[in-house]
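Shown next, in structure tokens, is the structure this report addresses.
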Amino acid sequence: MGDMDPHIFAVAEEAYKQMARDERNQSIIVSGESGAGKTVSAKYAMRYFATVSGSASEANVEEKVLASNPIMESIGNAKTTRNDNSSRFGKYIEIGFDKRYRIIGANMRTYLLEKSRVVFQAEEERNYHIFYQLCASANLPEFKMLRLGNANDFLYTKQGGSPVIEGVDDAKEMVHTRQACTLLGISESYQMGIFRILASILHLGNVGFTSRDSDSCTIPPKHEPLCIFCDLMGVDYEEMCHWLCHRKLATATETYIKPISKLQATNARDALAKHIYAKLFNWIVDHVNQALHSAVKQHSFIGVLDIYGFETFEINSFEQFCINYANEKLQQQFNMHVFKLEQEEYMKEQIPWTLIDFYDNQPCINLIESKLGILDLLDEECKMPKGTDDTWAQKLYNTHLNKCALFEKPRLSNKAFIIQHFADKVEYQCEGFLEKNKDTVFEEQIKVLKSSKFKMLPELFQDDEKAISPTSATSSGRTPLTRISAKPTKGRPGQTAKEHKKTVGHQFRNSLHLLMETLNATTPHYVRCIKPNDFKFPFTFDEKRAVQQLRACGVLETIRISAAGFPSRWTYQEFFSRYRVLMKQKDVLSDRKQTCKNVLEKLILDKDKYQFGKTKIFFRAGQVAYLEKLRADKLRAACIRIQKTIRGWLLRKKYLRMRKAAITVQRYVRGYQARCYAKFLRRTKAATIIQKYWRMYVVRRRYKIRRAATIVLQSYLRGYLARNRYRKILRQHKAVIIQKWVRGWLARIRYKRNMQAIIYLQCCFRRMMAKRELKKLKIEARSVERYKKLHIGMENKIMQLQRKVDEQNKDYKYLMEKLTNLEGLYNSETEKLRSDLERLQLSEEEAKVATGRVLSLQEEIAKLRKDLEQTRSEKKSIEERADRYKQETEELVSNLKEENTLLKQEKEVLNHRIVEQAKEMTETMEKKLVEETKQLELDLNDERLRYQNLLNEFSRLEERYDDLKEEMTLLVNVPKPGHKRTDSTHSSNESEYIFSSEIAEMEDIPSRTEEPSEKKVPLDMSLFLKLQKRVTELEQEKQVMQDELDRKEEQVLRSKAKEEERPQIRGAELEYESLKRQELESENKKLKNELNELRKALSEKSAPEVTAPGAPAYRVLMEQLTSVSEELDVRKEEVLILRSQLVSQKEAIQPKDDKNTMTDSTILLEDVQKMKDKGEIAQAYIGLKETNRLLESQLQSQKRSHENEAEALRGEIQSLKEENNRQQQLLAQNLQLPPEARIEASLQHEITRLTNENLYFEELYADDPKKYQSYRISLYKRMIDLMEQLEKQDKTVRKLKKQLKVFAKKIGELEVGQMENISPGQIIDEPIRPVNIPRKEKDFQGMLEYKKEDEQKLVKNLILGKYFLHGIKGLSDTCVNGGKN
């Protein structure tokens, strides 16, 4: 990874590998300034883990982990002046893995949500994205109940003045957010609940207050924003209206309700909005964690920390202070890991090392979090009953000013302070620090929200009742997500006075300590995001700003240490086991440490590149990669050696098998070719006659077909135009009829729709009025219920009075017994009892009246219930009517859609017919164009061939005339008979013409050699040597061309084998090459034997008639000359066979097309007759003119292509000329050699040249199939050119034979006249020179016709020798039949 460019995937891959290799938890810390790209980098790291590891179950956990990003970005990210998608909270995501290192779940922790952004945004900034997404999606039917509008309609979203981010569609982002919620298991009802709460926050921000006086305020009656808020939240309007303008003050004995001013009410409203949003944020995070939680035990995890970057604005408050404090802690952890621990390890291993100074930010952290630090003084001031921001600022000045170098006071302000952070100096405004640290919300407002009928709202405030500290740890040692919030949790009402409420700063400090513990327990990986410029401009790089960031985050010090230090390290045992391959057996010692030292001294000569520690070897950057390269090279060399040995053995085996098979195939094929040759000669003559008449017939028929086709084309064009005109008129007429009916139908539909809308509006208005009546009735019912409660108290009193009456009755009985004794007392007491009885009777009457009232109220309630049932039934009937109306409209729409589909189908059918007709026309035109171009190409090639033949014939005739003149002068001017010497400057053309004419004479007059020896004369040896030389040159040219043809065929076979990738065909080609090589060797041996025979015959000097026509030497020469002439004829006939085969294949294709055109012509003639009467011939003539223009342009392009091909052919001719010169040089060198070595040297050179060329092209195009295919096409072209050249040479050979006949007659007559005057002694004294005549074995190659798919079978049968005679016989029969057809 050290050699790679910096990339987030490289860091993620390293973390994943170390987790799997070291079995230790990892963490990726993404840091940088605001807007540098931290959130995107963390997102890509999570995407890498999700892609590489996959999930262990079918639940697609990795998709859920990635789906959490859109949700958290929508509720936690916002646009700032530095970043369009700035994270306004910190998060640490732990991705859990099982033992097989697959994702099983995840857990998320959040830090310090910026709640103040909910109620206030600076200029050019936005609120959280979710609010703008809701406003952009307000037109959706499911969001109509939220009563949302444009973002500029709400106070909480319009303060920044830029509600739209360029390039971002909030409506589409809302769709992504809802999809992510669905994927994470948040149901539709809960999603609508979330959007309902968020919409209520926006409406709450629009609630306005009016001042009564300086200490009190009110909300206007039936205030619309507050009504919408209460309806959405399900709370009572009056209570919420009351507690927004009042607050409760509790003392030790009593509680007071106090009105608040307009400013205080506005602050209380904003505090309530922030509190609701923070609770909703924690609730969403809690549900995301539940969705990502796994029941499987976690084996290891990788944590990704995406936390806010260092921030400095024009006005910096409590949020920026906490953010920069967190960045100081992270920078300290980076310094500890990179600098301190690295240098401590060098010291521990006793490596010579000079300590490097680096910036330590511990003093800045102590200034913030130590005793009597900034946070401690802030918490202390929050506890003071009359503490303010000004008094806290004075405490800061008194405590730290002039005592700490990192703390400063601004010159022109007494309410601000400056801290020297690791990145820059930041000035903080003290205003609002205490209020944000306390984070107070009125309890009465929270109680109103808890009593809501909206079920989801009380769930948000369950944490308030539990009163669990956010710093309490779980069993795993990590803080759960829902308890690490940026707000203090509130205790129970009874504990508010006893328990101390923790401030936001205290909670944040504790959560940071837990985060540092988690990071220190893992292996950290750092991603430093650098911001190119501060203005969000694309393609703009500020060098000074980038260097400042690099220096601030410690990257420059890290580079300095890595350059001076040893980033790579191995233990001695690991190094030995890894690089044991590079050691020899003698280098391996029992002491592993000494062994490693010895090996490194040999491998790395510079000793400064590594150091030996106590337990490890330390390497500088790049040395481990160098060792890995040496190791890979060593392993590769060993692998190549093994492959070389095995491949040699396999090829040797294969060669022996192929050689044996080739010898067998040669034996049978040569015999068969000799038998087939005579049969083939008879057939070729018949084929030429058939071709002559057939070509005449084809040309005549082609002319007739073209004439008929043009006539038919005219008829079709005219008919096509007339039909189009008729269809256009018909469509216009039908369109008018359709418009008439559709417009009437639309008017009727519009009238019905308006009527139904009016009825629907009436129903809605009546329903609204009924609802208002229902509300009034409900209010009255509530008052009756209170009366019932009072009545329950009256009944209790009556019961008590009844009990008293019973007691008095008992007393009365007791008094009656004592009546006789106490008569006086009795009378007085009876009076009192009577008065009591009267009072009791009055109370009983009042109770009876109350019970009557209760009964009347119950009757009224029953009536109201009946009215409710009636209204419900009416509502049902209205809904049924609406459903019926919907069904009817849907049926109408479906019918219209069906009619529309039918019309579309008819339209498509018509379009399809038009396209088919156009295709047919274009195809016929293209076919004719192709045929004409082919015919033009053939005519052009024929003209070129004729012109070249005439030029060659003319030049040869001139040379022949000059040679004849010289020869006649030489023959006439000979003074004496005998041996005749010729000038060495004679051209080879003389011998060429003389030799070929003599061979032709031998073929035509074989009886000449059978005449009596008395009439024959000795042959002139100089003339014979010239003939021999010309024969050798012709043979060499013939052999070169034949070898070129064979080589091209071999290359074509080889290319086919490579394209099809079949090893069997490749083996067949190799066997074919070895077979050719063996043929050349056998021919070389035979030539050597014949040369020896010729030498023996010429070396016999005992007989006086050695050079006479009847001598054995003369016979051997004549036999070899006849064999050479036979070979020339054989080559000529083979080329003719190839040419005729190609022509027959081309002409066999044309009759098929001719038959189809004949049948079409009869149909086209009928249409032409119809079109003549309609006057459409002129239009067809114009169309033909356009086609002619197109054809002319195409002919021009083809002409250019032909010129390019001619240029290429000229280049090939030039290369062939160079090859010819080289061959002439080699021939001159061979002539200087002794006669025994000439033929052997020429054959050896030709064999080596062919083998080298084959091997070169095999290696050149082995890896590129496209180039190899183009090379094959060029091979085919060159094969055809070679065949044409062979044909030309055969023609010249025939002419030379005829000329030789004439010269041989003249020479014979002259020699007869000379021999009469020569004595036998002169003949004996004349020396006999050895003559070298190269002779080649007859190499017959039959022309076989076969299908392309049968090529493998044919080669296999030829090699194996299985049924090959029967197969070749069948192929020859098909060839004959094809020629006849």
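Cβ coordinates come from backbone N, Cα and C, glycine included.
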Looking at the ranges 523-550, 607-634, 1251-1278, 1279-1306, which is given as coiled coil in TrEMBL?
1279-1306
Around the C-beta of Gly37 (ATP binding site), how many further C-beta atoms are within 10 angstroms, looking at every protein chain?
21
Starting from the ATP site formed by Gly32, Glu33, Ser34, Gly35, Ala36, Gly37, Lys38, Thr39, give every other residue of that chain whose CB sits within 8 Å of the mean position of their CB atoms, in sequence order.
Asn83, Ser86, Gly309, Cys529, Lys531
Using Cβ-Cβ distances, find the residues under 8 Å from Gly32 (ATP binding site) that belong to the same chain and are at least 6 apart in sequence, listing them in sequence order.
Lys38, Gly309, Phe310, Arg528, Cys529, Ile530, Lys531, Gln549, Cys553
Which residues does Gly35 (ATP binding site) neighbour through Cβ under 8 Å, counting only same-chain ones at least six apart?
Thr80, Arg82, Asn83, Ser86, Gly309, Lys531, Lys536
Taking the Cβ of Glu33 (ATP binding site) as the reference point, list residues of the same chain whose Cβ is under 8 angstroms away and which are at least six residues distant in sequence.
Arg82, Gly309, Phe310, Glu311, Ala423, Cys529, Lys531, Gln549
Which residue among the binding-site residues Ser34, Lys38, Thr39 has the fewest other Cβ atoms within 10 Å of its Cβ, if you could check?
Ser34
In the chain carrying Ala36 (ATP binding site), residues 6 or more apart in sequence that have Cβ under 8 angstroms from it:
Gly309, Cys529, Ile530, Lys531, Gln549
